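Trainee: Pasting a structure here, questions to come.
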Amino acid sequence: MEQPRGTKQKKSCQKNVFIILGFLFILAIITIITVAIIQNKPLEKNVKYGIVLDAGSSHTNLYIYEWPAEKENDTGVVKQVDMCKVDGPGISSYYKEPEKAGLSLKKCMDEAKGVVPENRQRETPLYLGATAGMRLLSMVNPGLSDQVLSSVENNLELYPFDYQGARIITGQEEGAYGWITINYLLGKFVQDESWLSFFPGLKGSETFGALDLGGASTQITFVPENDIESPDNSLHFRLYGRSYNVYTHSFLCYGKDQALQQLFASNIKPTDTILQDPCFNVGYTRNVNVTGLYKNHCTAAYRKSLNVTNVQVIGTGNHDQCLQNVLEIFNRSQCTYSRCSFNGVFQPHLQGDFGAFSAFFFVMDFLKLADIKNPKSLEDAKETVRKFCSRPWQEVKVEFPKTKEKYLSEYCFSGTYILSLLEVGYGFNSTSWDSIRFVGKISGSDAGWTLGYMLNLTNMIPAELPPSRPLSHEGYVALMVVSSLVLVAVLLIIWLSCCKEKCLEKGII
Ligand SMILES: O=c1[nH]cnc2c1ncn2[C@@H]1O[C@H](COP(=O)(O)OP(=O)(O)O)[C@@H](O)[C@H]1O
Ligand SMILES: [Ca+2]
């Protein structure tokens with residue numbers, strides 16, 4: 001039977017209403033999803049860079065770091081992307097021709113221009129920190145150390161980076177920034193330990209102490225259990241919502257090169273042109289120009305008038321004798337505190353684990369004593385150094401033809417010095433020895449003071465924990481979408497059930 005014309009019109013009208021409603025419904029969902037995604041899309045990946053030059057006593061290294069801009073205040077996000085070794089000696093060695101100090105940095109600075117994208121260079125901070133070599137030069141001749149720094153400054157300013165200055169950092173800073181670096185890289189600042197307060201007996205994950213051995217100074221830094229008796233050795237940090245009382249000391253003249261200078265200065269006889277030295281392998285000889293030996297601040301205590309200008313050092317490879325000589329440079333006789341390391345310097349009881357880096361690592365790595373998977377006892381380490389010292393120089397040279405002669409010839413001394421510094425100087429024993437990890441890199445970044453220095457100067461370590469977002473971006477979008485769908489579905493159901501009766505009444509359905 002044919003339907004009346006009015007009924008047909010109503011049905012087509014009803015169909016159109018549903019099509020429009022369906023269309024609007026889909027449009028609403030698409031709009032909600034799109035708005036949620038666009039509105040909350042994380043900012044485009046914005047990488048920031050920072051450059052630090054470590055002007056050490058023996059050489060200069062340039063480090064380039066990068067990090068995602070939007071995660072600046074998170075911990076563990078800064079990564080070392082490049083390291084460039086400057087050719088030649090440390091900047092303090094250019095005191096006779098200071099203009100060459102700045103020029104020496106050119107190769108690495110040019111390399112940095114190639115690593116940091118051009119559009120980021122203007123905003124990339126560039127720092128230079130000089131350590132113990134320049135500290136010594138500034139003590140002996142401040143005018144010359146200023147000239148060296150100006151030469152460096154003039155050259156660094158030529159580059160398109162955001163130059164932030166070149167300065168001599170203090171031994172305290174060197175220790176502190178080394179400690180910050182390794183604990184940042186080890187992720188020691190991240191733990192949210194609020195739950196630990198419910199268990200007063202339990203301690204949170206402790207920070208690592210830092211042991212840094214350079215050529216002219218050495219630093220020890222750690223969080224002790226007891227009070228720090230001397231204010232000079234005490235630092236207070238508030239990092240990511242936690243407070244740290246840190247002990248630090250930098251021993252100027254106790255880096256391994258200056259320690260060796262001290263030995264030479266103390267053992268050379270005024271009229272002898274030969275020095276039989278037990279800290280070098282048998283068969284090794286070296287000529288040492290001794291005219292300037294006693295001008296150095298580190299050797300002043302051994303000053304004597306010499307009748308010779310050159311001394312030939314002849315290795316005798318006697319570890320026991322070498323150890324005896326080395327121990328003489330640690331003065332353990334006077335201490336005005338409850339306890340001391342050496343030279344009357346206060347040191348609290350050693351506490352926790354330690355990361356030992358820079359020359360500690362280079363030397364122990366060479367002697368195969370730095371393998372974390374195969375840790376060696378203090379006794380094993382002593383035996384290894386003793387054996388190395390007793391080997392003839394010719395044999396050593398043949399076995400390690402690629403190793404720089406300067407380093408190779410000094411591994412007997414350096415190994416003996418490191419063990420003495422750690423055991424007799426700082427007081428590590430057979431038990432606490434196991435708490436020392438000799439580390440070169442941590443998560444791809446070199447262990448050293450430079451990263452901590454940059455983190456501090458760029459204000460990248462907040463004192464308080466940044467308020468954490470309850471949801472990740474993805475979680476937030478998913479929640480938004482699901483809630484919107486539920487909302488639309490509920491509205492639709494309500495509308496349909498309300499509308500059904502009216503529509504029935506009006507004969508729309
Ligand atoms: O491959 C290596 N083997 C042994 N020693 C090394 C090696 N590379 C660097 N060194 C030593 O590490 C030390 C680095 O000291 P640096 O130049 O940082 O002095 P500083 O920190 O006292 O100013 C120097 O004694 C240098 O000879
Ligand atoms: Ca150093």
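Every residue gets a Cβ built from N, Cα and C, even glycine.
Just so it is clear, the model here is predicted, and its values are computed rather than measured.
Straight from TrEMBL, here's the annotation block:
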ACT_SITE  E174  active site, proton acceptor
BINDING   G215, A216, S217, T218, Q219  ATP binding site
TRANSMEM  17-38  transmembrane segment
TRANSMEM  476-496  transmembrane segment
Trainee: What residues, ordered by sequence, lie under 8 A Cβ-to-Cβ from G215 (ATP binding site) and sit at least six positions away in the same chain?
Mentor: G56, S57, S58, G90, A132, G133, G255, K256, D257, Q258, A359
Trainee: Can you list which of these recorded positions (E174, T218, Q219) have a Cβ closer than 6 Å to ligand 1?
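Mentor: With ligand 1 as the reference and 6 Å as the Cβ limit, the list is empty: none.
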Trainee: Is the residue listed as 'active site, proton acceptor' helix, strand or coil when read with DSSP?
Mentor: helix
Trainee: Look up A216 (ATP binding site) in the DSSP assignment and report helix, strand or coil.
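Mentor: DSSP assigns A216 (ATP binding site) to coil.
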Trainee: Work through the binding-site residues one by one (S217, Q219) and point out the residue whose CB has the fewest other CB atoms within 10 angstroms.
Mentor: S217
Trainee: Neighbours of the ATP site G215, A216, S217, T218, Q219: Cβ within 8 Å of the Cβ centroid, same chain, sequence order.
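Mentor: Same chain, not in G215, A216, S217, T218, Q219, Cβ within 8 Å: S57, T131, A132, G171, E174, D212, L213, G214, S250, F251, L252, Y254, G255, K256, Q258.
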Trainee: Work out how many Å separate S217 (ATP binding site) and the residue listed as 'active site, proton acceptor' at their Cα atoms, rounded off.
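Mentor: S217 (ATP binding site) and the residue listed as 'active site, proton acceptor' have their Cα atoms 10 Å apart.
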